[in-house]
Amino acid sequence: MSPLFLFLSFLALLSALGVVIAKNPVHSVLFLILTFFALSGHYLILNAQFLAAVNIIVYAGAIMVLFLFVIMFLNLNAETEPKKPMLAQIAAVIAGGSLLLVLVAALRNVEPVGYDAATFDSQIGMVDRLGLVLYDQYLLPFELASILFLAAMVGAVMLGKRETGERNF
Amino acid sequence: MLELPALGWQSIVIFVVFALSLLIATYCTYAERVIAAFLQDRVGPDRAGPYGLLQPLADAVKMFTKEEFFPQNANTALFIFGPCLAMITALMSSAVIPFGNVLSFGSNYFFLQGIEVNIGMLWVFGVVSLGVYGIMIGGWASNNKFSLLGAIRAASQNISYELAMGMSLIAVLMISGTLSLRDITLQQSVAGEWHFWNIVKQPLGFIIFLVCAFAETNRTPFDLPECETELVGGYHTEYSSMKLGLYLFSEYVNIFVASAVMSVLYFGGFNFPFQYELRDWLVSNQDWTLAGAQNLITILGTVLLFGKIFGFIFFFMWVRWTLPRFRYDQLMRLGWTILIPLSIFNILLTGGLITFGIIQ
């Protein structure tokens, strides 16, 4: 394990914990952004430059901006946070604990698979290679996913459409 | 001995680009006033030094020595972090921009570019999309409703214009077939062929990109986040001293980077017309070596690239002192109902032209 990997993992786990622990929702969002950066660093180590960049653009750059936007609008803070019932807290702890247990059990005996330096394809994960796989091997799933996005967009436009005679400003 | 690749030639380039961005941003504040004075038929700054050339220095001294004010109930950590983030994200994107071709000395090649990655365009786009965080965090942490409104405006404006910007870029990428900024530059001029810059192939895409660049850098006519007639000072209402300075400064660094990206993507980058003819002429008629002539072309190209960048910076300022500010609903309507459909049309048009072999 390289020191870079250890550092990124440390950062990812620490900031992910920060998301959960932070009292202020804005701090939570900022920690989440930091988590995405750490994950992008992991993608870079895995030689997936395109995925790293897209992760930053889509998640850190767009979705999190909208998150932050909504949270700022709602002006959430520690006082307005609803008190959660004890039962829900206990249930969440048990559910999370069992997930941890399953993950640890599943990943406990995983051995890192080494690559043979002589046969390793250094171009794997690059944009052009990814594009070829996506548009060649997985064309149908790709197109289906884009139809899903189109449906979501049409739905959003329908919801946001102004009724006749309505004036919002 | 551990060899650090970061301590090689590239780090020198990055350092020079860093210093140059700061220097250019510094003198942008001066240029802005001089151009404003020119356009409004005033004198402009002329007190500090000859032609007022020391004005940025005087401003810096003023910024650094002013009182550092923290509003009550502000989130102090994030209040400081906001301007830092704005500056960091502004300075990060210039790392992948090719400021020149290659210099060769014997068998050593020196690329005048910080990092050459094959996702260069995505890197710029990603860093630009992060730029809004500095404004959002600062505006929110100020604990002031005007700041918050400015921050929210900045967020929705950036999200809206990023879409059109990304789609106008897709048309460029369809032509070039690569995300590397160096490859995109090199494709715009091929030796021995009549070759056009991308602006000829993508006029509509360039206009969309230009408008979006104005919106992304929060420049007039889209400077709604700091609209002083409605929001006092917008997101930096509560800021004073060098923290305000960093916000203003990051805007100029952003303009510099946006100008550089536009020059590289649409205006040939470090290429200039008849460069290969000049090189061949030097080699055949003036007894230059090929490497020497190539180095001269590279240096000339870098100088001319900076000329293009300064041209764009001037354009940014020219527009600022010419056009009035948009209303917020006009801004949103322009982004969503005009620019995005137009950029989709541009993609279709480019695809059609490529299919019929008219452009390639």
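Just so you know, glycine gets a Cβ as well, placed from its N, Cα and C.
Automated prediction, rather than curation, is the source of TrEMBL annotations.
Here's what TrEMBL has on this protein:
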| type | residues | note |
| --- | --- | --- |
| TRANSMEM | B:6-30 | transmembrane segment |
| TRANSMEM | B:76-100 | transmembrane segment |
| TRANSMEM | B:120-142 | transmembrane segment |
| TRANSMEM | B:163-182 | transmembrane segment |
| TRANSMEM | B:194-215 | transmembrane segment |
| TRANSMEM | B:252-276 | transmembrane segment |
| TRANSMEM | B:296-319 | transmembrane segment |
| TRANSMEM | B:331-359 | transmembrane segment |
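The highest tally of CB pairs under 8 A with the transmembrane segment (B:252-276), across B:163-182, B:194-215, B:296-319, B:331-359, is held by B:296-319. When each of the listed stretches B:6-30, B:76-100, B:163-182, B:194-215, B:296-319 is scored by C-beta pairs under 8 angstroms to the transmembrane segment (B:331-359), B:163-182 comes out highest. Remote same-chain partners of the transmembrane segment (B:163-182), defined as residues 6 or more beyond its termini with a Cβ less than 8 Å from a stretch Cβ, comprise 96-98, 111, 113, 116-122, 124-125, 128, 198, 201-202, 205-206, 208-209, 211-213, 216, 264-266, 269, 335, 339-340, 342-344, 346-347, 349-351, 354, 359-360.
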